[in-house]
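Working notes, beginning with the structure itself.
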Number of protein chains: 2
Amino acid sequence: MDNAGAVAETTRADLRSWVESANTEDTDFPIQNLPFGVFTNAQSNVPRVGVAIGDWIVDLAALESARLLVVPYTVVDDEGNPKSVFRQKRLNDFVELGKPVWRSVRSQLSALLSASNAILRDDRDMRERVLVRQSDADMLLPFEIPGYTDFYSSREHATNVGCMFRDPENALMPNWLEIPIGYNGRASSVVVSGTPVRRPNGQRKDPSSARPIYGPCRKLDIELETGFFVGVGSTLGSPIPAKNADDHLFGMVLLNDWSARDIQQWEYQPLGPFNSKGFATTISPWVVTMDALSPFRVEQPEQEPKPLEYLRGAANAGVNMNLEVQLKPESATQLTTIARTNFKHMYWSMAQQLAHHTSSGCNTRVGDLMGSGTISGPKSDSSDDNVGTFGSLLELTWNGKTPLKLGAGEERAFLEDGDELTLRGWCQGNGYRVGFGSCVGTILPAHDVAAENNG
Amino acid sequence: MDNAGAVAETTRADLRSWVESANTEDTDFPIQNLPFGVFTNAQSNVPRVGVAIGDWIVDLAALESARLLVVPYTVVDDEGNPKSVFRQKRLNDFVELGKPVWRSVRSQLSALLSASNAILRDDRDMRERVLVRQSDADMLLPFEIPGYTDFYSSREHATNVGCMFRDPENALMPNWLEIPIGYNGRASSVVVSGTPVRRPNGQRKDPSSARPIYGPCRKLDIELETGFFVGVGSTLGSPIPAKNADDHLFGMVLLNDWSARDIQQWEYQPLGPFNSKGFATTISPWVVTMDALSPFRVEQPEQEPKPLEYLRGAANAGVNMNLEVQLKPESATQLTTIARTNFKHMYWSMAQQLAHHTSSGCNTRVGDLMGSGTISGPKSDSSDDNVGTFGSLLELTWNGKTPLKLGAGEERAFLEDGDELTLRGWCQGNGYRVGFGSCVGTILPAHDVAAENNG
C-alpha cells in the first residue's frame, strides 16, 4: 500500500463523498483531505483520533471497534496488553506505526467515505456511531511534542526585520543565504487553536532608562507560520539527506508563533529569543498529511548562491498554499483580513530545514514540530491594496509606525487585550480545496505585577 | 514527612551505613547522599530505579516487591492497572508523585541502610536480592526530558567570551546583569554518561573564503555545567516566584554541553546557537537530590545592580560544590585535570533561572532539565598554577591561542578524536562528601562527508 498509485487514488479531483458537506467548494475538508486530529465530545470525554470530512469527524476508534477500519499491526502497551492507537489523547502511537500504516488508513477511509461506497452510506445506525459533528467536538493538541524548532526561512521576512533593526543595505545576515537559520523553541507551551493566550509579562528596556522594568508586554505580535510534524524519526549521528527528507514528514499545521517584540529586543543577544516566544505557540488542530498536499507541491524559489551539497536534492519542495490572517477586536463583530500571502514563497524548504537540523547528527523523534518562520510574501503578491502580504504586525505596521486601520475606527500597531487572531490556510484545487481549518487565539490581559514592577 | 526535621535526620554528618564502601572519605555516595538513577544489569535487562550507596545500587523495585519500601500511593497505568513507579525506565513517574513521596522514600532508605538497622544488614538473602554492584550495572538516562533549557549564568564565563569575541571594555552585554540569559536547547540529544559523542559535521566559514564549507567541526569543546531537574511543574500563565523556586527542584546532575565553536561562530546570529550544540549533551546518571545538597547551600555572590523584584527572595541560593574536568587522550593511560572550579561562584542562581524562565507565563513539566551555563571561576581560585579555573577549552586556551600541555608531549587547543572527557563534582562535608560520580564522554570521528564537502 506504500505506493504513489494508492496516494494518487485518494487525491483525485473528481472524488466525491456521500457526506454532502464535504462536496462544497468552500469546505476545508473534502474527501481529498482527510486530516488527522484528536477530539472529545459531549457523548464521551475519552480522547480519540478522528479524521475531518466536511462538517463532520469520523471517529477512528469507533470505526475500528466496528471492524470497519483495520490497522495491520497488533499494538501492545507496556504491560503487553493490546491497545488501540486510536483511543489515545495524541497521534504519536498511530504515527509511530509508520508510513505504510498511515497510507493504509487513508486509503481505507477514502474508500469508506466515497460516494459510491454503500457500507456506511446506507447504514444509518453505524453512521451515527462513527460520525461526530465538528461543532459538538473539542479538539485537543494533536501530538505530544518532544521537540519544537522554529526556523526563519522567509527571505522577505528576514529582509524586513534586517531593514528595521540593522542595516537596510545589508539587511540579510551573511549566513542567511547559506543556512536555514533556526532555533530551539519551547515545546511545553505549544497549545491548540482556541486556547486563550495571556499577554506575557517580561523585561523591557526603554533606551532612555538606565534599567529595564518588568511588566506587561507592550508590543505583542503574531507570526503567521506553518509547521510540520516529524512522522519518521532519525537516530543520533544519522543526518537525513535533503533528498530523503520528505519521507520523514507526516503532515502540516498552521502555527502562530506569538511574539513579544519589546521583550525580544532586550533579551535576544547573544543567545536568541527566549521569554519573548516561550509563553505560547498556537497550532491548528487538524494535521493535513503530506499525501493530501501532494497535488499542490511546487518548486521552491530559485536559490542563489546554490546551497551546499547537503542542502540539495529535494524536488517539488514547496507547497502552493494560500494563507490569511484575520483580526477581530473584542468590540467588533467582523473579522478584518490583515494579511494574505502564500507558502510557496518560502526560500528554504521543509526538506532543507530537516536536512540542516540533522546535519550535525542531531536526532529527531515522532511528533517533533518544526515551524517555518514567519511567512511574508513579496508586496507585488497582493491583489488588494488594503491587505498586506507580511506575516507579522511588526512588518505590517513597520514596528508600529504605520498602524493598521480596522473597521469602526479601530487601529492596531500591536495586539490589544481581547483581540482574536485567526490564521487560515488552504491549497486550491479545481472545484475543491484542501484546507487547514483555522488557528485561533484570543488575548487575555497580563497578570497584574504592579507590585513587582520596579527595580 | 514533608518537613525539615526529617531531611536534617538524613543528612547528619555522623550517619554511617552497614554498607562499608559508603563510609570511606572518598566515596561520592555515602548514606547522606542517596541519589536516584535508573539501571539495568546482567541479571535483568528490565530498567528499574535505584539509589547509589558506596559501590552498590539499592534496587528500589526489588525493595518494594519485598515490602521493605512503601510508596504511600497506588499508582495506575492508562488502563487502570496498578504499576510500580520503580519498575520504569525513567524517574518521571516516581517524581510526579511529589516531594512528600521523595522525602518518604529517602527517609525509609536512610533508615534501612543505617549501620544500626538490622533488617537488611543481617539478612544476607535479602541483601543479595536488593543490592547490585555499580560495576555490574548499566546506567540509563534518568529522566524523560520534555524540555531542556541552557543558561549562561557565570559572570566569569560571559566576561571571557565577551572579551574574546566582542569588546574587552564592554565584555558583558547590557542585558547580562539584569537577565539570567538562557536559550532553549535540544532535549532529544541529551545522553547519559558513557555514551560516545560523535564529532559533528557542520557549516563553518573561514573569513578569507567567500563561502562556508560543510565538514567536521575543528573546534570541538566541552562546557562544564551542572543541571537541575524540575520535580514539581507549573502551569501556563503561572510564574514561579524566585523565593518559591527551590520547592520545584528535584535534584542536580553534572552536564557537559558539548560545543562546536566554529559552527557556533558562523550560525549564532541572530537566533542563537543551534547545530553547534544540538548534536549531544551528556549528563551524569545519578540525580543528587536538593535534600542531600541542603547542608552545602550558601549565599550566591552579591548582585549589583540589585535584580528586579521578581528575581529576588531566594535565600542560600548557591551550592558549595567542587568541580573538576579531566581529559585523557586516546593514547594516554592517565587522566589530566585541566580545570578546577566551584559552583558557588555562579552569579545567577537556579532559583533565579527558574523564576525568569516562568516569568513570561511559560509552563514547566516534571523532568525539565535546566543547565547552568559554563561554570568558570575567578583565576585567583586556583591552588595550582597548572590547572585553570575555566569550564571550557575556549577559555582555557583562549580560543586555541595557548594550547594546554598534557602529559607525554600532548597538547590540546580543542578536542581530538579519541579524547575522553570526565566531569566530576562533589560537596565536601566533614569526613565525607556528597558527590555526583562522573560524567564521561569519548569523541568518535565525524562521519565522512568528503563527497559533500564542497559548495
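Just so you know, glycine gets a Cβ as well, placed from its N, Cα and C.
Keep in mind that what you see is a predicted model, and the values were worked out from it rather than measured.
Annotated features in TrEMBL:
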- A:32-142: domain 'Fumarylacetoacetase N-terminal' (DOMAIN)
- A:149-438: domain 'Fumarylacetoacetase-like C-terminal' (DOMAIN)
- A:Asp150, A:Glu223, A:Glu225: Ca(2+) binding site (BINDING)
- A:Tyr152, A:Arg166, A:Gln264, A:Tyr268, A:Thr374: substrate binding site (BINDING)
- A:His157: active site, proton acceptor (ACT_SITE)
- A:Asp257, A:Lys277, A:Thr281: Mg(2+) binding site (BINDING)
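Sequence-ordered, the extra residues of this chain that approach the Mg(2+) site, with Cβ no more than 8 Å from the Cβ center of A:Asp257, A:Lys277, A:Thr281, are A:Asp150, A:Gly185, A:Arg186, A:Glu223, A:Leu255, A:Asn256, A:Trp258, A:Ser259, A:Gly278, A:Ala280, A:Gly371.
Proximity to chain B (CB-CB distance below 8 Å) holds for A:Tyr152, A:Tyr268 among the binding-site residues A:Tyr152, A:Glu225, A:Asp257, A:Gln264, A:Tyr268. Of A:His157, A:Glu223, A:Glu225, A:Asp257, A:Lys277, all annotated as recorded positions, the residue with the shortest Cα distance to A:Arg166 (substrate binding site) is A:His157. For A:Asp257 (Mg(2+) binding site), the nearest of the recorded positions by C-alpha distance turns out to be A:Glu223; the candidates were A:His157, A:Glu223, A:Tyr268, A:Thr374.
Considering other CB atoms within 10 Å as the measure, the emptiest surroundings among the binding-site residues A:Gln264, A:Thr281, A:Thr374 are those of A:Gln264. For the substrate site, whose binding residues are given in the record as A:Tyr152, A:Arg166, A:Gln264, A:Tyr268, A:Thr374, the maximum C-alpha distance rounds to 18 Å. Taking Cα separation as the measure, A:Lys277 (Mg(2+) binding site) is nearest to A:Gln264 of the binding-site residues A:Glu223, A:Glu225, A:Gln264, A:Tyr268.
In this view, the densest Cβ surroundings among the binding-site residues A:Glu225, A:Asp257 belong to A:Glu225, judged by other Cβ atoms lying within 10 Å.
Ranking the binding-site residues A:Asp150, A:Glu223 by how many Cβ atoms sit within 10 Å of each one's Cβ puts A:Asp150 at the top. Taking A:His157, A:Gln264, A:Thr281 as the recorded positions under consideration, the smallest Cα distance to A:Asp150 (Ca(2+) binding site) is found for A:Thr281. Within 10 Å of the C-beta atom of A:His157 (active site, proton acceptor) sit 28 other C-beta atoms, taking all shown protein chains into account.
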